Amino acid sequence: MIQALLVAICLAVFPYQGSSIILESGNVNDYEVVYPQKVPALSKGGVQNPQPETKYEDTMQYEFHVNGEPVVLHLERNKGLFSEDYTETHYAPDGREITTSSPVQDHCYYHGYIQNEADSSAVISACDGLKGHFKHQGETYFIEPLELSDSEAHAIYKDENVEEEEEIPKICGVTQTTWESDEPIEKSSQLTNTPEQDRYLQAKKYIEFYVVVDNVMYRKYTGKLHVITRRVYEMVNALNTMYRRLNFHIALIGLEIWSNGNEINVQSDVQATLDLFGEWRENKLLPRKRNDNAQLLTSTEFNGTTTGLGYIGSLCSPKKSVAVVQDHSKSTSMVAITMAHQMGHNLGMNDDRASCTCGSNKCIMSTKYYESLSEFSSCSVQEHREYLLRDRPQCILNKPSRKAIVTPPVCGNYFVERGEECDCGSPEDCQNTCCDAATCKLQHEAQCDSGECCEKCKFKGAGAECRAAKNDCDFPELCTGRSAKCPKDSFQRNGHPCQNNQGYCYNGTCPTLTNQCATLWGPGAKMSPGLCFMLNWNARSCGLCRKENGRKILCAAKDVKCGRLFCKKKNSMICHCPPPSKDPNYGMVAPGTKCGVKKVCRNRQCVKV
């Protein structure tokens with residue numbers, strides 16, 4: 001008993017080395033076991049500072065050893081990780097959209113640094129122990145809890161000690177760039193900038209970031225929503241740190257999990273997937289949830305060794321401010337680097353060339369991904385700067401939440417902060433006649449300075465259209481006469497006839513078999529004759545209603561138009577089966593589709609409206 005106690009005491013005080021272990025981030029062949037000790041935060045008078053009643057503290061300190069030397073890790077909660085209007089969306093088995101909007105305040109995601117080290121940084125989640133990475137004496141170390149009986153044991157290791165999951169390095173899928181040679185980029189002289197350009201460059205910028213997790217990734221983590229959300233939070237927390245040096249703040253405004261099947265055809269052709277995701281963002285996502293940039297996370301393997309793709313210089317574009325990223329590693333840090341790389345393309349950066357350098361040996365925009373990447377190269381910084389001055393994207397000047405402000409508000413920095421009614425820049429630059437640039441207050445008798453329902457500094461009259469109806473199932477939105485904002489999008493009730501009685505409204509759309517055939521096969525494709533749909537009742541055909549545990553379930557006779565979608569194309573068979581796909585919903589009749597008189601498809605059954 002005494003001997004066991006002495007061993008436990010030694011382990012708590014002196015770290016020990018390990019040769020090989022399987023951790024959450026992968027197989028590690030050399031690591032150090034440490035026991036981080038929490039250090040109470042003291043005020044100047046030596047009295048412990050009281051903090052509000054929360055599960056996770058705003059600031060924390062931990063002491064442990066690295067290579068035998070003591071270090072103190074300072075952590076500060078990333079209060080701006082979530083936008084004030086952050087939402088989470090997933091889908092019920094019957095296709096219903098389920099969105100929750102409770103604010104995430106008491107979370108466990110931190111940024112930090114090592115005490116007494118100028119060039120130090122840390123990205124840590126403290127949900128169950130300490131997990132993440134920190135920079136110490138110029139090297140990147142990773143830390144995560146060990147699954148031992150002693151819950152305080154942690155492993156510390158370097159990225160070179162993580163065994164590669166595959167021999168082939170992961171690369172970016174971008175092949176077209178905006179540079180023409182491999183010559184080093186010459187820095188533009190600051191003297192060529194106007195004062196207005198300098199103020200724009202220096203203004204803090206914000207990206208309201210929306211993440212979509214596809215159905216393949218959802219199933220990879222066996223449908224455990226809490227596991228997926230925590231994984232995404234860790235990635236975005238790391239992403240935030242990487243963009244701090246560019247004066248950008250990434251705020252997560254929404255997380256959507258396609259739990260009931262993919263909303264687009266996610267395929268191994270990464271360019272096709274990117275194009276479809278961009279169209280989905282423009283046509284489906286933006287009408288219901290504003291965001292500046294969106295990324296699709298998928299566990300689908302793209303062709304070759306590609307792990308992601310993003311449009312170059314496209315931020316704020318409704319269709320092209322997007323990227324797709326493969327969840328290609330157990331390590332959230334590794335996937336976060338891929339996310340940062342693809343977002344870099346949206347922000348005007350190309351893949352680095354041989355002449356590009358950064359403080360570390362490997363830069364974020366390198367064509368190959370490494371776990372210790374944390375800096376943008378000189379090329380990336382210059383390309384990004386030139387893109388900002390050339391395109392002047394405006395969506396990044398809108399701060400996601402007034403309540404999230406940590407620093408005092410600054411009048412004249414182009415975004416409205418606590419206590420301000422407007423902000424149009426400095427008095428010299430302001431071109432908004434509704435706003436007093438000196439005070440950041442509205443001019444006398446002005447009611448507003450911007451918004452869909454603001455015109456000549458006054459609210460538009462009640463009844464003025466501010467958003468046109470998109471289709472038969474959408475209502476036009478009208479100004480109230482009391483606000484500059486356009487009211488939230490509203491839809492016709494589900495079940496209302498649409499498109500000359502070809503369909504019934506469903507969540508703001510009018511799904512019909514003909515439209516779905518055109519989407520699947522291209523213009524000119526039409527719904528097959530009703531006889532073809534009887535194949536969904538025939539065990540020997542490609543028809544079915546759904547699959548359960550890999551077993552094909554046929555439709556009942558009354559439900560045949562709610563199973564497999566059959567279309568006819570020019571010069572083709574009349575009963576044309578969709579091509580095979582790993583996505584269980586690909587080529588299936590969409591929920592809400594008309595399947596009879598006053599009947600629609602719901603959960604693969606034809607039911608009354």
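Just so you know, glycine gets a Cβ as well, placed from its N, Cα and C.
As given in Swiss-Prot:
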| type | residues | note |
| --- | --- | --- |
| SIGNAL | 1-20 | signal peptide |
| DOMAIN | 205-400 | domain 'Peptidase M12B' |
| BINDING | Glu208, Asp292, Cys395, Asn398 | Ca(2+) 1 binding site |
| CARBOHYD | Asn303 | N-linked glycosylation site |
| DISULFID | Cys316-Cys395 | disulfide bond |
| BINDING | His341, His345 | Zn(2+) binding site |
| DISULFID | Cys356-Cys379 | disulfide bond |
| DOMAIN | 408-494 | domain 'Disintegrin' |
| BINDING | Val410, Asn413, Phe415, Glu417, Glu420, Asp423 | Ca(2+) 2 binding site |
| DISULFID | Cys411-Cys440 | disulfide bond |
| DISULFID | Cys422-Cys435 | disulfide bond |
| DISULFID | Cys424-Cys430 | disulfide bond |
| DISULFID | Cys434-Cys457 | disulfide bond |
| DISULFID | Cys448-Cys454 | disulfide bond |
| DISULFID | Cys466-Cys486 | disulfide bond |
| DISULFID | Cys473-Cys505 | disulfide bond |
| CARBOHYD | Asn507 | N-linked glycosylation site |
| DISULFID | Cys517-Cys567 | disulfide bond |
| DISULFID | Cys532-Cys575 | disulfide bond |
| DISULFID | Cys562-Cys601 | disulfide bond |
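Here the C-alpha separation of Cys430 (disulfide bond) and Glu420 (Ca(2+) 2 binding site) works out to 15 Å.
For the pair formed by His341 (Zn(2+) binding site) and Cys379 (disulfide bond), distance between Cα atoms is given as 13 Å, rounded to the nearest Å. If you take every residue in the domain 'Disintegrin' (408-494) and average the pLDDT, you get 87.
The residues of the domain 'Disintegrin' (408-494), classed with DSSP into helix (H, G, I), strand (E, B) and coil, number 0 helix, 15 strand, 72 coil. Spatial neighbours are here defined as Cα atoms within 10 angstroms of one another, and by that definition the neighbours of Glu420 (Ca(2+) 2 binding site) among the disulfide-bonded residues Cys411, Cys434, Cys440, Cys448, Cys567 are Cys411, Cys440. Checking each of the disulfide-bonded residues (Cys411, Cys440, Cys505, Cys562, Cys575) against Asp423 (Ca(2+) 2 binding site), the C-alpha distance stays within 10 Å for Cys411, Cys440. Here the C-alpha separation of Cys457 (disulfide bond) and Cys473 (disulfide bond) works out to 33 Å. The local packing around Cys466 (disulfide bond), expressed as other Cβ atoms within 10 Å of its Cβ over all shown chains, amounts to 18. Here the CA atom of Asn303 (N-linked glycosylation site) lies 28 Å from the CA atom of Asp292 (Ca(2+) 1 binding site). Of all the Cβ atoms in the protein chains shown, 17 others lie within 10 Å of the Cβ of Cys395 (Ca(2+) 1 binding site).
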